[in-house]
Amino acid sequence: MRTDQVPNTTSEHPAIDLSRVHLIGIGGAGMSGVARILLARGKTVTGSDAKDSRTLLPLRAVGAKIAVGHAAENLELAGELPTVVVTSFAAIPQDNPELVRAREENIPVIRRSDLLGELLEGHRQVLIAGTHGKTSTTSMAVVALQAAGMDPSFAIGGQLNKAGTNAHQGTGEAFVAEADESDASLLRYTPEIAVVTNIEPDHLDFFKTPEAYFQVFEDFADRLTPGGTLVVCLDDPGAAALGERAVARGINAVGYGTVDAVAAHPTVPVKATILSSRVVAEGTYAVLDIDGREVEIILQIPGNHMVLNGAAALLSGYLLGADLDKLAAGLSDFSGVRRRFEYHGTVRGGQFDGASVYDDYAHHPTEVEAVLKAARERVDAAGEGRVIVAFQPHLYSRTLEFAREFAGALSLADAAVLLEIFGAREKPVEGVTSRVITDEMTIPVSYEPNFSAVPDRIAEIAGPADIVLTMGAGSVTMLAPEILDRLRG
């Protein structure tokens, strides 16, 4: 990890003039969210993106001026130069013409995390961190707080199904946001409540070693405001170890988790315990103890990992002082986030009668395992059907690093189709294809490098009442509706 890539973590930051903000890559999940909040605060917002998308239309509708394609003149979309340019250093090359123009004009260039840090100022900050589950947990916390009447501001890495947005400028004191660790961005924030859902090695293309990756969460815990609280998941070894070390260092840390996990970590004070959970027709029913009070929830999204995320969301709202019963009621109304076990439809009649198609963002072995276990629970509860997955690995480095782990996780399905690797910001690596995963798998699997042929491959192996999942962080999401259409005939 290069020191020049780590954000400024001092308590004081240079003043940033946000009167006119230009965002490079404004169509991304993170960038579009901060753009919405800037617009809601009456700021002038311009931006550019490599291609047009459904994200840009609502931003334009509320006043953003957006160009498709990158060019130096895009900095003048508002008729004058911006006061600051915002970029993602991981995704935007340094020779981008808008970045080059900004430097020539001596316009400050900052990261999205710096901008979000500015937007968080003056609020009670709830930051959700962890290798997995950030978006779902953040979304659950937002929905629960809204039900409790707190109207929080929020910035999420995915679109809330019910609200239809990924960001909002609220009237309440709280601001709930994801704290992205992939490039150490989470060290820009000073939370009152810092949630860590789990920690296991990832993003080693940036951090280089697992030790450096774990250290960023230690440093995040040190960023708490005076009187703030670190909230850790005791079911996860990495998060539990962070909590134990935090307690030993005098940091105010509390834990949440299942009964066995809570018992295994006695040095961490417990504020939320999952007493029981089971799959029911409506989703997952769970009973939790929140600081001595028993509450019941029914989550519409399946999986034990979602119950843990729900516990973190409830606990966050409780620590903010929200009414626990209203929080629980709101959580039961949570309908999910786009691309998190997102339901696309069910086939009625014909060869594939009862087969349902879902899409999920899972792109790490642990995430894949959790989603497939949730799908298996749903199939088992129905008493029929199988689990079929179309998986697109994300990043050559991650695929090579975790090939065996991916194979083990994907083998929890009954059959699989593997697409070619979605490289994103990485260049192809000679000899690294999805076959490094398929060669290790123990279930029927086909390697299909032809993207457009995947729906036909799925139709060859799917059957009635099956759950079919498209999975990955890349373009595979576009296949879910195509697969559903193919199965419907």
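Each position is counted from 1, following the chain as shown.
Cβ from N, Cα, C; glycine included.
Positions annotated as ATP binding site by Swiss-Prot: GLY130, THR131, HIS132, GLY133, LYS134, THR135, SER136.
All features noted in Swiss-Prot, drawn onto the structure.
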residue : record           : Cβ within 10 Å
GLY130  : ATP binding site : 25
THR131  : ATP binding site : 23
HIS132  : ATP binding site : 22
GLY133  : ATP binding site : 25
LYS134  : ATP binding site : 26
THR135  : ATP binding site : 23
SER136  : ATP binding site : 29
Subject >> GLY133 (ATP binding site) - helix vs strand vs coil (DSSP) >> reply: coil
**OP:** Show, in sequence order, which residues other than GLY130, THR131, HIS132, GLY133, LYS134, THR135, SER136 on the same chain lie with their Cβ within 8 Å of the centre of the Cβ atoms of the ATP site.
**Re:** ILE128, THR137, THR197, ASN198, ASN309, GLU367
